[in-house]
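According to TrEMBL, the active site, proton acceptor annotation covers B:64. Residues annotated as Zn(2+) 1 binding site in TrEMBL: B:60, B:62, B:140, B:210. Per TrEMBL, the feature Zn(2+) 2 binding site maps to B:64, B:65, B:210, B:268.
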């Protein structure tokens, strides 16, 4: 899995700070998460291939997470995209986009598939044979979802030498990978574990922005490899967080600790702070593996 | 008058090329013309004071002229703007903006005044005691207007020494500036021209983008000081211009020559061209005072 931060600041884009957008590469998918104004330029800057993006997940319809979407859709059209584009986001997203396409008389020449969300409970919204995506209902000023990206349990790995030595016909290798015991050419039942290795542990990524401190999400994100949790404010401005339904670095760390995640990435910083190390210091008092999002930063995990 | 080019490329914003937006400073006004995605970042970069912008003129609702508007409006809100904001643009602009503000539950705390345009004839859409703004109906794929910004004829300048010598009471100076002949203290009628200088010649700026070659605009922009005319293509791609209802550099120059403008600024370049000097060369064969728009360039006139 690879996460590229295109923007991780709140409120408004600035010369050097971009609003929320990130790209998650997971099992050949390239998922775009949120799309603040200027995201298409950030994608170009970081050499993300536009046509690899087939799924876009929008957390909520505040501008700093959403105002770049219509431009990206239009640019895909100008680049004569043909592949379907799936967009997941709150109800209303379809109307906002299609109205603007209508006014500009610029319908896409590719299929635009909206998946509008309204549920306040976690739902499975995408899956294929390798990946599942669930919503994480958050608590912000307007209807908002985080997203949980999970690899499915993979196939076991064949121990080719052992399988060969056990005299198993290659026709059964597929079954072995699927975890079955099989008979060898002498009619003896071979224990699967004797001729296979365990599958790789599936990885998972939870994106939680924007939200107030919300312990309800803990069961949903339990044990994820990486949690991106918004930390718009430092604890000294907890009253602003309370008022605007955002979280502090300490609150994000508290969620990470209780959910027993492996890594916490902080982001969605208010532009009032010049020194982001304060966020890391504050969160590190509560949780021991804290990283800071930064525009352009790539996390491999 | 001062014109700052924030972006002058067509189609899509890129790492180094911004889509259409410019700021015209004229008689203490700061008019924003078009607002492609990323305009608010360009405004910051070029240190344009946000709160001096009170009027925004949108030519048409294609994304490269319009997708930055909702973000700018939202940023004004976050900066706790109080002054009214007047937006001039095609019918539909109000619905597109207000729908997005509604979905994000982020109504402005300042007054947003939409002036929706539908006429296919030139109209006076703004005036105060010093400036007038007219639409310039253009011919593009969707309803589009250019804008003509004109200083009004100013007051005559008093020749104080001559007025004093002519024995005119100071109470009449105001009348003199307004062009009237007045009686002096001896009851003699004094010819206005003998005691005043002419007013400065009013300046004018015409913004014409996007449009196909359209001679109908010539009477409207006759003799303007500066004409910005789109030149999306070079003449060798005139067939693209024809098809997409854009103009070539040569066509822009033809308009400039016939309208007898003083200066022609070219812009709205297709990103297919690396060498912009080709535009200048082509236009200069027809018209002798051609300048190239460039992101960040400032024209004083």
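Counting starts with 1 at the first residue shown.
Placed from the backbone N, Cα and C atoms, the Cβ positions cover glycine too.
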Least Cβ-crowded entry, counting other Cβ within 10 Å, from the binding-site residues listed as B:62, B:65: B:62
Between residue B:60 (Zn(2+) 1 binding site) and residue B:268 (Zn(2+) 2 binding site), the C-alpha gap once rounded to whole angstrom: 14
Recorded positions compared (B:64, B:210) - the one with the fewest other Cβ atoms within 10 Å: B:210
Residues from B:62, B:65, B:268 facing chain A - binding-site residues, CB under 8 A: B:62
Cβ-based isolation winner (fewest other Cβ atoms within 10 Å) among the binding-site residues B:60, B:140, B:268: B:140
Residues flanking the Zn(2+) 2 site, with Cβ no more than 8 Å from the Cβ centroid of B:64, B:65, B:210, B:268 and excluding those residues themselves: B:10, B:11, B:19, B:20, B:34, B:36, B:59, B:60, B:62, B:209, B:230
Cα distance (Å, whole number) from residue B:268 (Zn(2+) 2 binding site) to residue B:140 (Zn(2+) 1 binding site): 13
Whole-number Å value for how far residue B:210 (Zn(2+) 1 binding site) lies from residue B:65 (Zn(2+) 2 binding site) (Cα to Cα): 9
Distance [Cα-Cα, Å, rounded] between residue B:62 (Zn(2+) 1 binding site) and residue B:268 (Zn(2+) 2 binding site): 13
